[in-house]
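The structure under discussion appears below in the form of structure tokens.
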């Protein structure tokens with residue numbers, strides 16, 4: 001586990017409990033039944049769901065999807081997802097290690113959180129944007 005391998009679906013009692021994954025269990029529970037009814041790996045299912053989700057946003061491009069990811073054989077270790085309070089050096093180092101992300105790649109990835117939301121950052125408030133960018 002620890003990448004685009006669907007380990008959060010295969011090990012739902014582990015990874016959804018990590019602090020950065022707060023609220024992800026809704027997606028895990030939604031996607032899990034598809035594994036039983038379709039010939040797809042958990043890793044491919046997660047990536048396909050992300051590609052479809054992005055494509056459905058107004059004005060978004062259609063993303064190419066490539067199948068063939070194997071299923072995870074172990075859960076990802078906690079601590080792989082950078083936290084907002086970490087300094088840039090730590091975050092850049094983590095993403096360089098995770099796939100040789102350039103600073104521009106990392107900024108684009110982090111900017112995607114402008115369209116994301118959280119149900120677990122502000123207690124009692126649902127669908128709170130990760131930032132206030134209009």
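Glycine residues also receive a Cβ, built from the backbone N, Cα and C atoms like all the rest.
Pulled from TrEMBL, these are the features on record:
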BINDING   3, 5, 7  Ca(2+) 1 binding site
BINDING   113  heme b binding site
BINDING   114, 131, 133  Ca(2+) 2 binding site
DOMAIN    24-118  domain 'Plant heme peroxidase family profile'
(message) Can you break down the domain 'Plant heme peroxidase family profile' (24-118) into helix, strand and coil residue counts using DSSP?
(response) 51 helix, 2 strand, 42 coil
(message) Among all protein chains shown, how many Cβ atoms are found within 10 Å of the Cβ of residue 7 (Ca(2+) 1 binding site), not counting that one?
(response) 22
(request) Would you report the average pLDDT that the model assigns to the domain 'Plant heme peroxidase family profile' (24-118)? (result) 85
(message) Return the residues near residue 5 (Ca(2+) 1 binding site) by Cβ distance under 8 Å, restricted to its own chain and a separation of at least 6 in sequence.
(response) 42, 43, 69, 70, 71, 72
(message) I want to verify one value. Collapsing DSSP to three states, which class is residue 7 (Ca(2+) 1 binding site)?
(response) helix
